[in-house]
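As written in TrEMBL, here are the features:
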{"type": "DOMAIN", "residues": "4-94", "note": "domain 'PE'"}
{"type": "REGION", "residues": "115-136", "note": "region 'Disordered'"}
{"type": "COMPBIAS", "residues": "119-136", "note": "compositional bias 'Gly residues'"}
{"type": "REGION", "residues": "425-480", "note": "region 'Disordered'"}
{"type": "COMPBIAS", "residues": "441-480", "note": "compositional bias 'Gly residues'"}
{"type": "REGION", "residues": "496-526", "note": "region 'Disordered'"}
{"type": "COMPBIAS", "residues": "496-512", "note": "compositional bias 'Gly residues'"}
Amino acid sequence: MSFVIAAPEVMAAAATDLANIGSSISAASAAAAGPTMGILAAGADEVSVAISALFGSHAQGYQTLSAQLAAYHNQFVRALNAGAGSYASAEAANVQQTLLNAINAPTQTLLGRPLIGNGADGGPGQNGGPGGLLYGNGGNGGAGDTANPNGGNGGSAGLIGNGGAGGAGAATGAGGAGGNGGWLYGNGGPGGAAGLGTAGGVSPAGGAGGAAGLWGHGGAGGAGGSASGAPGAGGAGGDGGRGGLLYGDGGAGGAGGNGSNGVTGVHGGNGGAGGAAGLIGNGGAGGDGGNGGLSNTGASGGAGGAGGAALIGNGGDGGHGGNGGHGNSGGAGGAGGAGGHVGLISNGGNGGAGGNGGNDNSSTLADAGSGGAGAAGGNGGLFYGNGGVGGRGGNGGFSSAGTSGGDGGIGGAGGIGGLIGSGGGGGDGGNGGQAPRPGNAGDGGAGGNARLIGDGGRGGNGGEGGDGPPGVKGDGGNGGNGGNAVVIGNGGNGGAGGFGIPVGSGGAGGSRGVLFGTPGANGADG
């Protein structure tokens with residue numbers, strides 16, 4: 001075995017000396033250029049002129065060769081300097097690592113984790129190592145494999161650092177949870193996505209996002225697994241991690257997986273809930289629900305996840321419901337997730353929209369799926385903030401030769417405003433599905449009320465009834481009532497009724513404030 005011994009300081013000194021030598025040679029060449037390249041002929045005869053040209057040609061050749069040698073010399077000096085720097089860096093890194101090993105040895109022996117340094121990434125299906133107690137990120141969880149299908153959890157940080165990401169699940173494996181962020185500062189790690197599910201069971205769930213400590217954002221939840229064989233339900237999305245206790249946003253919830261296609265429809269997975277914020281920060285958005293599978297009996301879509309709550313900051317928006325599967329009878333759309341509420345100051349989250357009902361694609365007398373209900377908006381902060389807007393109802397499914405089209409979903413109610421703040425608007429109702437016996441439309445959601453000073457929210461519009469044979473149409477949806485003002489503020493306008501047979505009625509306008517304001521207008525009939 002051979003050894004290399006290098007003295008970086010000697011190499012650097014040699015490079016400096018060589019650079020000085022090169023500068024001296026270049027200066028001498030420049031000084032000689034004028035006298036040697038500009039030799040005048042001794043006389044006007046041809047011999048004198050030829051001798052002068054010969055010496056000038058030799059001088060030009062020397063200057064060209066000198067310039068090439070100077071360039072080579074400079075390259076050699078740079079290479080020598082780079083080598084000296086590399087050796088010096090390697091020595092410094094070796095000293096640093098030796099010092100870190102000495103510092104980390106006691107805590108590694110006593111507690112099984114270093115004082116400073118990142119945690120090691122996990123092997124297949126194994127958890128990531130924890131970060132240093134003082135500083136360092138947690139290691140990432142390993143992705144699942146055949147022997148260990150579940151993804152490994154991400155390692156947690158110590159005082160300062162980010163949590164590691166959860167590993168993705170292999171087939172039939174759940175996603176690993178994200179590691180927690182540092183106690184003082186750091187973000188939670190994202191949860192791992194789940195793998196595909198198997199026939200006859202529920203697909204695995206996505207991993208939950210890691211929580212932050214005092215200051216940092218929560219990790220996002222992993223997506224739920226989609227079913228790969230019939231029958232198989234979609235897996236639930238992982239919940240988002242909590243934001244920092246002092247500051248930080250909650251993590252977004254993971255999306256639910258889709259249900260499988262087959263003879264019997266299986267529902268999609270529910271979306272994960274958004275993570276809550278701490279003292280200051282926004283709640284995480286809820287994940288969307290998975291779609292139901294295509295089959296003889298269409299499956300229902302998964303529900304959207306609820307938005308995260310917050311104390312000072314906006315509530316998270318609710319996730320959208322999954323669409324119902326198409327089949328001999330359509331599946332119902334999933335309900336939207338509720339918007340997140342706010343504790344003291346800021347706006348409530350918007351409610352998620354309901355999923356659309358599945359279509360009936362058969363020649364048998366079967367019905368299409370109904371649209372999912374829109375979710376309510378979150379309430380505004382107690383002191384200040386507007387309520388969130390309610391989610392729209394999903395549309396009913398279409399039926400080509402079946403008995404009935406799907407009914408539209410109802411719109412979600414608007415959230416209540418704060419002591420100073422307006423109520424949220426109600427969500428619109430979904431439209432009825434087209435069929436020989438068309439589906440009825442969904443009603444609009446009611447507008448949110450104000451608490452003290454602020455306007456009431458407008459009511460949602462009713463949906464339109466489904467189309468049928470000539471002269472036949474589904475019922476139009478009723479408009480939602482407008483929200484009420486309390487002390488100072490205008491009442492919300494009522495929502496318009498939807499077109500249909502019969503038409504939907506318009507919603508009533510909200511009442512005005514007792515000290516000041518205008519009553520809301522009634523909504524028009526469809």
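In case you wondered, yes, glycine gets a Cβ from its N, Cα and C as well.
Residues of the same chain lying 6 or more positions beyond the ends of the compositional bias 'Gly residues' (441-480) and with a Cβ under 8 Å from any Cβ of it are 371, 373-374, 376-377, 379, 386-387, 389-390, 392-393, 395-396, 405-435, 486-508, 510-511, 513, 517, 520, 523-524, 526. Taken residue by residue, the region 'Disordered' (115-136) breaks down under DSSP into 0 helix, 2 strand, 20 coil. Restricting the average to the domain 'PE' (4-94) gives a pLDDT of 67.
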